[in-house]
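Quick notes on the structure that follows.
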Amino acid sequence: MENKPSVLTERYEVGRLLGQGTFAKVYFGRSNHTNESVAIKMIDKDKVMRVGLSQQIKREISVMRIAKHPNVVELYEVMATKSRIYFVIEYCKGGELFNKVAKGKLKEDVAWKYFYQLISAVDFCHSRGVYHRDIKPENLLLDDNDNLKVSDFGLSALADCKRQDGLLHTTCGTPAYVAPEVINRKGYEGTKADIWSCGVVLFVLLAGYLPFHDTNLMEMYRKIGKADFKCPSWFAPEVKRLLCKMLDPNHETRITIAKIKESSWFRKGLHLKQKKMEKMEKQQVREATNPMEAGGSGQNENGENHEPPRLATLNAFDIIALSTGFGLAGLFGDVYDKRESRFASQKPASEIISKLVEVAKCLKLKIRKQGAGLFKLERVKEGKNGILTMDAEIFQVTPTFHLVEVKKCNGDTMEYQKLVEEDLRPALADIVWVWQGEKEKEEQLLQDEQGEQEPS
């Protein structure tokens, strides 16, 4: 393949080589518009055409566009020149799960987390008629938050690839992870073949080695055909039972994903995950509301009294600085940035803070206290232009009147506007007196404030 371009269509800077295969190389890239990190898969057209794999490339594109899930590597766009095809995909900073397993077996709770995310992704793909057919740790990537991402759909199949008997017939996958019915070159169900591979992955995560391994390939196939494997002594009984059902050589009696989710080991991990999330949410609430709740004094860990941080106040000059004139713009202005939203509230600061924490929890947003009256709100899932983050800051105009500004810090502006309009506005209705842009209420608000400020 010829030398890589340093810039791709003036949209992406192309950096270091991340990996390569027979027909493609993957490079680190960065968007010139958003500064977002991406991976750029460069495929040699001539090589692909020469061996008749053009349909496979088209299928991979179709599959990745269908399989949009938090635990599946996202395809951002596809471009082509005379000699190359470019996939711009999600960059997974953590690399392959294989590299982590190569260092030894994982702790059970860590293995459960990855297995849970793998099953979630595979179940979603199956619901969209997509079968991966090459599930292995080398094709499971980790993002910078240590979340698993299923990648490499080059050997995947769509439901319309089945023959009249309703089965798939192409032998695909890596030998050590392939189901017996695939090796036997008989028709097979894509769902059951993927479940077998997931079972092998689970074994590898917990054991640190393969369940079926032999220097002689035919002997390894024999072991796979008979499900001839032994679980190490440190495997929990619930794990052993689940693995025996996933690595059932009879695909007709092999466990389904629905039953995997009902298994005791899967549910036990889910229960622990729920408890951990609840603990984190409580911690977030404590961090967000303490010690700012009522504006009174609090105590530190030693029982000593201390003054809580105070909200930023707005004087007449601050209000004018926020404005485009001396009218109601003292609070909002007729022209405002699409990346900012403001509302006025007649509720005390403690009630506004409590409501922000409650709404963040309902909308599954992370919330962190940044300072006096300043909170960082963050979406868990990465959006089109990265993770959406916002600052919510409370300003005191008078003791009974506050201005709250919600400003986008990162992410997609359209996504921010949609969140504000469809989620935040309805959820915050109890504490809002007027939102920026609601003219009639703004005028009434201005009259009320002027009345309060007139000398007696």
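Each residue's number is its place along the chain shown, starting with 1.
Glycine too: its Cβ is placed from the backbone N, Cα and C atoms.
Of all ranges given (92-121, 152-181, 182-211, 212-241), Swiss-Prot attaches the label region 'Activation loop' to 152-181. Range annotated as region 'PPI' by Swiss-Prot, chosen from 338-367, 368-397: 338-367.
Between the alpha carbons (Cα) of LEU18 (ATP binding site) and ASP134 (active site, proton acceptor) lies a span of roughly 20 Å. The record assigns LEU18, GLY19, GLN20, GLY21, THR22, PHE23, ALA24, LYS25, VAL26, LYS41 to the ATP site; their largest pairwise CA distance measures 14 Å. Helix, strand and coil counts under DSSP for the region 'PPI' (338-367) come to 14 helix, 9 strand, 7 coil. According to DSSP, ASP134 (active site, proton acceptor) is assigned to coil rather than to any helix or strand. The Cβ of THR22 (ATP binding site) has 9 other Cβ atoms within 10 Å, all protein chains considered.
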